[in-house]
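**Q** Sharing the feature lines straight out of Swiss-Prot:
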type     : residues                                                                                  : note
ACT_SITE : HIS383                                                                                    : active site, proton acceptor
BINDING  : 9-12, LYS23, GLN75, 80-81, GLY142, GLU157, ASN172, ASN230, ARG353, LYS371, TYR386, ASN397 : UDP-N-acetyl-alpha-D-glucosamine binding site
BINDING  : ASP105, ASN230                                                                            : Mg(2+) binding site
BINDING  : ASN406, TYR407, SER425, ALA443, ARG460                                                    : acetyl-CoA binding site
REGION   : 1-232                                                                                     : region 'Pyrophosphorylase'
REGION   : 233-253                                                                                   : region 'Linker'
REGION   : 254-476                                                                                   : region 'N-acetyltransferase'
Amino acid sequence: MDNLAAIILAAGKGTRMKSGIVKVMHPLAGAPMVAWPVAVARQAGAGRIVAVVGHQAERLREHFSNDADITLAVQEEQLGTGHAVACAAGDLSGFSGKVLILCGDVPLIRTETLRAMVTAHEATGAVLTVLTARQENPHGYGRIIRGFDGRVIRIVEEKDATPDERSRTEVNAGIYCAEASFLFDAVKRIGNDNAQGEYYLTDIITMANDRGLRCTAHPVADPVEVMGINDRVQLAEAARHARRRIAEEHMLNGVTLVDPAATYIDQGVVIGADTTIQPGVQIAGGCRVGEGCTIEAGAIIKGSELGDRCVVESRAVIRGCRLGSDVVIKAGTVMEDSTVMDHAAIGPMAHLRPGSELGAHVKIGNFVETKKIVMGEGSKASHLTYLGDATIGRNVNVGCGTITCNYDGVNKHRTVIGDDVFVGSDVQFVAPVTIGSNTLIAAGTTVTRDVPADSLAIARTPQINKEGWKLRKRDQ
């Protein structure tokens, strides 16, 4: 919307976090805390967003570097919320619409709440609308003081409040909708004659009333939406609420979560209908999970894409991978930055290291490790094997104990194996070496030279049987 802008207050250090990371950059369900109100402002229709930053401004600048609709205004000294808004005024010079003011450490506000507040603001003709909440324990919040007609006449901060004012339970949520023309004129006139010596944004309410302008309150239905985060205890509580919200959205879209409270799904994850997720699962980093999948207990999936009808068994770890449809990842398998095509089966207890590209119907069995390999359709390595820096064709059988010897102490070398090759057990390929198609590599062979197609390669010490040797040895 061209007539709606947003200011995100994100300049504070967050001393109570006891951290070297500025408060608003602490992660909450997969995204920095400050990213939540930014996303909600966008969804509410804000066409221009100004984030007021201070401590570790460069960290925030880097995070928002690809967001064309976000401008950063620097508040060199944190002199209060009124001063912060004044710092943003220059970036909205000439703007004449409505301005949402949000807090970077109040991440759980809903889009629907902001839209409703903007609608109410327009309907009442107010110059300022304050989002308020009823709190059983209002300690630390500014109290809402209403006039006889229900309008907001002022907000009193906790440290400046009288005992009677502190007894009130309607509090300021720190979120506002204001007319730009009024807002930017008013913040220039704010003083700092208060217990904190700060420039309170709430002082503009008194200014509006003194001019006969309307200030209204818009109550939020759920106080959780406006909970602020000041320490790691509150961060954990907010994360619990965020995960519940995320879980409910997925369940309403046809996903089965066996135990939602024990399932950890980050913001932005996409999961198809009829997928079932068991307890203890973590899905993070912008994952996409297809329809009809089963994710068993304790699995971890990060930054990956899974096709339809995949099965990820217990305690599997998948990071940065792309899986086709009908893939089975068995228990205890670890996969990193790899691609697995349709109908493949991996594990149990396999390790796919970065650069593994496995074709359709491939089988990688227990205690097999791969790295930087391309493996063709229908090939299999069923157990106890290392395949690194290799290109393996279609329908290849790799026997137990096979190793590609890819490192000579200085450089890595590749092994190339053609289609329809049978590799017996306990074979070593000393790279660089090329194996032609339709060959058989006998068990126990150490391959040091290329093998032509349609051949048998065998390289082992001849067997010698010394009859009676054991008896003679015993009698000595």
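The count begins at 1 with the first shown residue.
Quick reminder: no glycine exception, Cβ is built from N, Cα and C everywhere.
On this model, are these features tucked inside or out on the surface, and what's nearby?
**A** Counted within 10 Å of its Cβ, the other Cβ atoms near HIS383 (active site, proton acceptor) come to 18, all protein chains included.
Within its own chain, GLY80 (UDP-N-acetyl-alpha-D-glucosamine binding site) has ILE190, ASN192, GLN196, GLU198, TYR199, TYR200, LEU201 as residues 6 or more apart in sequence whose C-beta sits under 8 angstroms from its own.
Its own atom aside, the Cβ of ASP105 (Mg(2+) binding site) has 25 Cβ atoms within 10 angstroms in the protein chains shown. ASP105 (Mg(2+) binding site) falls outside any helix or strand according to DSSP and counts as coil.
Within the same chain, residues at least six positions away from ASN406 (acetyl-CoA binding site) with a Cβ under 8 Å of its Cβ are GLY388, ASP389, ALA390, LYS412, HIS413, ARG414, THR415, ALA431.
Mean per-residue pLDDT, taken over the region 'Linker' (233-253), amounts to 98.
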**Q** Tell me the Cα distance separating ASN230 (Mg(2+) binding site) from ASN172 (UDP-N-acetyl-alpha-D-glucosamine binding site), rounded to the nearest angstrom.
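**A** Answer for this pair: 16 Å between alpha carbons.
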**Q** For ALA443 (acetyl-CoA binding site) and ALA11 (UDP-N-acetyl-alpha-D-glucosamine binding site), determine the Cα separation and express it in whole Å.
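**A** Taking the Cα atoms only, ALA443 (acetyl-CoA binding site) lies 67 Å from ALA11 (UDP-N-acetyl-alpha-D-glucosamine binding site).
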**Q** Identify, in sequence order, the residues in the chain of TYR407 (acetyl-CoA binding site) that are 6 or more apart from it along the sequence and have a CB within less than 8 Å of its CB; answer 'none' if there are none.
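**A** For TYR407 (acetyl-CoA binding site), the qualifying residues are HIS413.
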**Q** May I ask for the residues of the chain that lie six or more residues beyond the region 'Linker' (233-253) and have a Cβ under 8 Å from a Cβ within it?
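**A** Cβ under 8 Å, 6 or more out: 17, 26, 28-29, 33, 36, 107-108, 224, 227, 260-261, 263-267, 269, 271, 273.
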**Q** Express in Å, rounded to the nearest integer, the largest CA to CA distance found among the acetyl-CoA-binding residues ASN406, TYR407, SER425, ALA443, ARG460 named in the record.
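**A** Taking every pair among ASN406, TYR407, SER425, ALA443, ARG460, the longest Cα gap is 22 Å.
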**Q** Within 10 Å of the Cβ of ARG353 (UDP-N-acetyl-alpha-D-glucosamine binding site), how many other Cβ atoms are there?
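**A** 16, counting other Cβ atoms within 10 Å of ARG353 (UDP-N-acetyl-alpha-D-glucosamine binding site).
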**Q** Taking Cα atoms as reference points, which of the recorded positions ASP105, ASN230, HIS383, SER425, ARG460 is nearest to ALA11 (UDP-N-acetyl-alpha-D-glucosamine binding site)?
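**A** Spatially nearest to ALA11 (UDP-N-acetyl-alpha-D-glucosamine binding site) by Cα position is ASP105.
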**Q** Compare the Cα of ASP105 (Mg(2+) binding site) against each of the binding-site residues LEU9, GLY142, ARG460 and report the nearest.
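**A** Nearest candidate: LEU9.
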